[in-house]
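Swiss-Prot has this to say about the protein:
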DOMAIN    31-246  domain 'BPL/LPL catalytic'
ACT_SITE  148  active site, acyl-thioester intermediate
SITE      163  site 'Lowers pKa of active site Cys'
């Protein structure tokens, strides 16, 4: 059985979280570490935006600051995510890994099997979304809003037809980095408050639409699920779906210095976060 590293970082700053994901990609590309499954949280609660999003156009930055939220641009695509009551995961693995599909969409499905299995471990009837109409496929090419949980993409996880986990992917240096948010709870009004809308009517439409499109774990269970329970369920889910053994990984001081330098140079800088 192949051994991967497993890293549970706990609560970290937004800039450190993104720097560590990129550092893991760098080290794996250089053959210094095996593939990695990482779990983490955010301190403070943070709005992350996709690599291609326009921060000043899409985001109400005054509301972000007024609510004391962190803000960071991800190295991956996709739309904006409010990271608050959730567990975030990342998977770092070479594109040439055995049986890894070349297609971005199919690789996404393979890596997301661990998330699917994690939901099943929690006793939830989750399944992959597959856009089955021309309208849904068109929405993926030209999304109507900047909100990630507005609609599921190919092979994202849904329960009762509603999106419960959103993910994004990038490929650099021959390595896949996929990370995503697993929602425990969803504060709809806080989420809506940090986006710019063309009008109050547009915001009201999203307010009505969101409960039909997105759902969080604790709104579907009788007893609240903790982050610790999620860590166990999804760690075991990845181990089973990828048929791997997970070995705990702790960063060395030298590795921590590398992450902090990358954080300072890139993810903590306005030049990166507001460049579009």
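Each residue, glycine too, has its Cβ placed from N, Cα and C.
Classification of residue 163 (site 'Lowers pKa of active site Cys') by DSSP places it within a strand. Across the residues of the domain 'BPL/LPL catalytic' (31-246), the predicted structure has a mean pLDDT of 90.
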